Amino acid sequence: MGCWKQEGNTWTFPTLVLCLYGFFNMMKPSEPFLTPYLTGPDKNLTIDEVTNQIFPVWTYSYLALLLPVFLITDYVRYKPVLLLQGISYIVTWLLLLFAHGVVAMQVMEFFYGMVTATEVAYYAYIYSVVSADRYQRVTSYCRSITLVAATVAAVLGQLLVSLADVSYFHLNAITLASVSLAFLCSFLLPMPQKSMFFHKKGVSETLPQPQKAVATLASNGPPSCQQQDEDCAAADTGPAPQQQAEQPKPQNHMLRVLVQLSRDLRDCYSSRKLLYWSLWWALATAGFNQVVNYIQVLWDFRAPSHSSAVYNGAVEAIATFLSSVTSFMVAYVKVNWDLFGELALGIFSTIDAGSLFLMHFTTNIWSCYAGYLIFKASYMLLITIATFQIAVNLSMERYALMFGLNNFIALVIQTILTVVVVDSRGLGLNIVTQ
């Protein structure tokens, strides 16, 4: 009976708490106004200091932390990393509110790099506490709530700035309160008993074929009530001598997992189709992150915040809404992606490039806003297609591994761009040329 109750409630409570955590983490009305805040009277930084000395630190710290955090997240079973993310959020906004100077803001960017590096724990957590047949539903809930929160935050920030004349400092105070609530929510999450790599319930070979991916997902989900009863009974009598002999030695377990991960990566990238989609993913994500990281600097250059009305929040809200619509459309458009996927990549990648040229050559802030809306919506459409095309051919473990490595490669490319083009120790080009 106890097992039945646990199975009935095992996904609803952690999903609800994780959705609340995601909502408060994304409820950051100050984020669209970061550049005007840093270059305004509160911090008195120059646009060159923000662009060439402060923002690049986020890229470097994100790159340095991503790979170790990815492995540690699975090893410690997610919840401790979510707590670490909450602490990093709070430290980031405390520094934004009360610290001054270039060095202090560079430290702030380091902690924000920790925030983004630990995002992997958010979606990975839920797969460790629900059965495979609920993956689609809980993923939809978690993604939807973050998009809603980002949209609400951007609209709220714009309304407070434009209509209530709220200062950027007080917007950051609201954000600090929101991320602090998220941190409190993370304490309510139950500790998972398994993870994808280091704490698996069972060991099974996974092959990159859709049929075997489904079988693997089912086998890695939480055991049924009947299985739990059997496990409880087995726990009372203790493991059989043969089972004890078959258990891997603790000191060799991590090495065994790392060797298996390397083999999985080799098998994944041996598929030409997966290799092409992954290559596009890495290149496009690097460019997207670079644009998103510096777009506020471009807007401030086209329409200086000290002498013009700022509509960053409204633009981010519309961009997030359009992105959610284009991503949602993929689920209902009946297209043979195996046949027309590369064509879609070519067409919308060209549109993305055209929107960047528009933002480069135009001197009108509204045209610049429009170019950003087109750019972000097109990217979100394509990344959704790429995610689906990769995920449909992989098991959950291999998808998580490939997702992490593709983002790591994207970050390496972005770091090279930052060092060469943005950093004051490199070319230090102006924002328009970038």
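Cβ atoms are placed via backbone N, Cα and C, with glycine included.
The feature compositional bias 'Polar residues' is assigned by TrEMBL to 218-227.
The compositional bias 'Low complexity' annotation in TrEMBL covers 239-249.
Per TrEMBL, region 'Disordered' is recorded for 218-249.
The annotation transmembrane segment is assigned in TrEMBL to 57-76 (among others).
Under the heading transmembrane segment, TrEMBL lists 83-104 (among others). Within its own chain, the transmembrane segment (83-104) has Cβ neighbours under 8 Å at 25, 30, 37, 43-45, 49, 53-54, 111-112, 114-115, 118-119, 121-122, 169, 172-173, 175-176, 179-180, 182-183, 186-187, counting only residues six or more beyond its boundaries.
Marked as transmembrane segment by TrEMBL: 110-130 (among others). With a threshold of 8 Å between CB atoms, the same-chain residues lying at least 6 positions outside the transmembrane segment (110-130) that come near it are 10-11, 14-15, 18, 21-22, 57-62, 64-66, 69-70, 73-74, 77-79, 81-82, 84-85, 88-89, 91-92, 95, 138-139, 142, 189-190, 192-196, 221-222, 396, 400, 404.
What TrEMBL lists as transmembrane segment is 142-163 (among others).
The transmembrane segment annotation in TrEMBL covers 169-191 (among others).
Under 8 Å from some Cβ of the transmembrane segment (274-297) lie the Cβ atoms of residues 32-36, 47, 50-51, 55, 58-59, 208, 268, 312, 341-342, 345, 349, 352, 356, 372, 375-376, 379, 382-383, 386, 389-390, 393-394, 402, 406-407, 409-411, 413-414, 417-418, 422, 431, 434, all in the same chain and six or more residues away from its ends. Marked as transmembrane segment by TrEMBL: 274-297 (among others).
The feature transmembrane segment is assigned by TrEMBL to 309-331 (among others). For the transmembrane segment (309-331), the list of distant contacts is 29, 31-33, 36, 144, 147, 150-151, 154-159, 161-162, 296, 299, 303, 369, 372-373, 376-381, 384-385, 388: same-chain residues at least six beyond its ends, Cβ to Cβ under 8 Å.
The transmembrane segment annotation in TrEMBL covers 343-363 (among others).
Look at TrEMBL and you will find 369-392 (among others) tagged as transmembrane segment.
What TrEMBL lists as transmembrane segment is 399-422 (among others).
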Contact set of the transmembrane segment (343-363) with the rest of its chain, CB cutoff 8 A exclusive, min separation 6+ beyond the ends, reads 280, 284, 287, 291, 298, 302, 335, 337, 370-372, 374-375, 378-379, 381-382, 385, 432
Other same-chain positions with a Cβ less than 8 Å from the transmembrane segment (142-163) and lying at least 6 residues past its termini are 15, 18-19, 22-33, 122-123, 126, 170-171, 309-314, 316-317, 320-321, 323-324
